[in-house]
């Protein structure tokens, strides 16, 4: 009797713990070693045969949904506004020998994101999403605004690296929240809103950041104060408690997301690696002005946002593999057109086609990882894939730069096109294999 009472007490205590910690302790008591997301009936059917814990989270209110919708904005602020500040920073700290360090002000964030995503994901599983997200958001706002007081270049580099750590945590945490609180088509919908709003708001923020930068590069860092409204929405809108946690029969799924890691490398290279080469391609075909290059790139950015916004609609008609296939082939076609283009208009056409692929690719990778991950390790697995995604330009840049040095920008774009086409072909083969297996099972 006492043993049973102690067991019931441990179970109740575990349920009161935030998110992953509750699941971990309850699963230990139940002898559970894997899980599926809340309400994932289709996933449970696919995994029939083992035992998992199905969590029911307290619902988010309107403020929480707004926080989730804006979850991609702070990463967008960190990545999308620094280019406007760099000329002023170069004037303040450049002395002919600091060129590399000035570029590191921009690139340090990417390194921080690569490290921060898996660490932040692990912490979110351990201590719960809202506390870790709130802490990361506060540090993002304080350090981001604090860079306005930097007296040396190394302070800016360090600040940008810390911001990158927080951005990796924030990006991972909000995707995990979507996996926790929504299921089925609602996950696709909220992933599309999360990605699209980030793109559109960063486009809108760039002129504001530019106006602040006209007053001085220090004033431009005030844009990081956007973290504090996001923090308020998070605190009042996203609950920490779990309503229930119950065992359910499901079947084991692969624990090591090796396929997701490979997809993270491909997606990160396609989404961010190409930006290292297409501006030079525009210059090769006749555009010299930086303003003109930015003007030609604007439709690509807007189309990425539009494609991300339409992801939920696309997912109603295509499977996850089908969306990956579409992204791969569209990106490959756009990159090939850019590589063989002889006019700026042709490069712009290639950018438009690639924008469709990139806009759909990132939310699809997030959904794939959500479906792959059990709840007790969801954020850690998302963080691992996100870390590879953020770090992929560093991983692939050595090979691409070797190609670029020997054969030029078009060859580098063609090499990325080969990666994109390979993604499309692999997904097509997976779809055909699945269809064949279904036909065999039916017969």
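Residue numbering: from 1, along the chain as shown.
Backbone N, Cα and C define each Cβ position, glycine as well.
Along the domain 'Major facilitator superfamily (MFS) profile' (64-443), the predicted structure has mean pLDDT 86. Among the features that TrEMBL reports, domain 'Major facilitator superfamily (MFS) profile' is placed at 64-443.
The transmembrane segment feature in TrEMBL is assigned to 67-89 (among others).
The feature transmembrane segment is assigned by TrEMBL to 101-120 (among others).
For 132-151 (among others), the entry in TrEMBL reads transmembrane segment.
The transmembrane segment annotation in TrEMBL covers 157-178 (among others).
As annotated by TrEMBL, transmembrane segment applies to 190-209 (among others).
Per TrEMBL, the feature transmembrane segment maps to 221-238 (among others). Same-chain residues lying 6 or more positions outside the transmembrane segment (221-238) and placing a CB less than 8 Å from one of its CB atoms are 60-68, 70, 73-74, 77-78, 81, 85, 129-130, 133-134, 137-138, 140-141, 143-148, 163, 177, 205, 208-209, 212.
Taken from TrEMBL, the feature transmembrane segment applies to 258-278 (among others). Same-chain residues lying 6 or more positions outside the transmembrane segment (258-278) and placing a CB less than 8 Å from one of its CB atoms are 297, 324, 327-328, 331, 335, 338, 347, 350-351, 354, 357-358, 361-362, 365, 368-369, 372, 381, 384-393, 395-397, 400, 404, 409, 412-413, 416, 419-420, 422-423.
Sequence-distant neighbours of the transmembrane segment (293-314) (same chain, 6+ residues past either end, Cβ-Cβ under 8 Å): 185, 188-189, 191-193, 195-196, 199-200, 203, 278-279, 282-283, 287, 323, 326, 344, 347-348, 351-352, 354-360, 362-364. Look at TrEMBL and you will find 293-314 (among others) tagged as transmembrane segment.
The transmembrane segment feature in TrEMBL is assigned to 321-341 (among others). Same-chain residues lying 6 or more positions outside the transmembrane segment (321-341) and placing a CB less than 8 Å from one of its CB atoms are 263, 266, 270, 274, 278, 281, 285, 311, 314-315, 347, 349-358, 360-361, 364, 368, 409-411, 413-414, 416-418, 420-428, 430-431, 434.
The transmembrane segment annotation in TrEMBL covers 347-367 (among others). Counting only same-chain residues 6+ beyond the ends of the transmembrane segment (347-367), those with a CB under 8 A from a CB of the stretch are 175, 178, 187-188, 191-192, 194-195, 199, 260, 263-264, 267, 270-271, 274, 278, 281-282, 285, 296-297, 299-308, 310-311, 314-315, 320, 323-324, 326-331, 333-339, 341, 382, 385, 389, 420.
Annotation comment: TrEMBL describes 379-400 (among others) as transmembrane segment. Counting same-chain residues at least six beyond the ends of the transmembrane segment (379-400), those with a Cβ under 8 angstroms from any Cβ of the stretch are 20, 110-111, 113-122, 124-125, 129, 168-169, 171-173, 175-176, 179, 257, 260-261, 263-269, 271-273, 276-277, 362, 365-366, 369-370, 372-373, 412, 415-416.
Sequence-distant contacts of the transmembrane segment (412-432), counting only residues of its own chain at least 6 positions beyond either end whose CB sits under 8 Å from a CB of the stretch, comprise 263, 266, 269-270, 273-274, 277-278, 281, 319, 321-322, 324-329, 331-332, 335-336, 338-339, 357, 399-401, 403-404. Annotation source TrEMBL lists transmembrane segment at 412-432 (among others).
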- prompt: Can at least 3 Cβ pairs under 8 A be found between the transmembrane segment (190-209) and the transmembrane segment (132-151), with each pair 6 or more apart in sequence?
  reply: no
- prompt: Sequence-remote contacts (6 or more beyond its ends) of the transmembrane segment (157-178), Cβ cut-off under 8 Å?
  reply: 60, 67-68, 71-72, 74-75, 78-79, 82, 101, 104-106, 108-121, 123-124, 129, 132-133, 136-137, 139-140, 143-144, 146-147, 150, 187, 190-191, 194, 224, 238, 366, 369-370, 378-379, 382-383, 386-387, 390
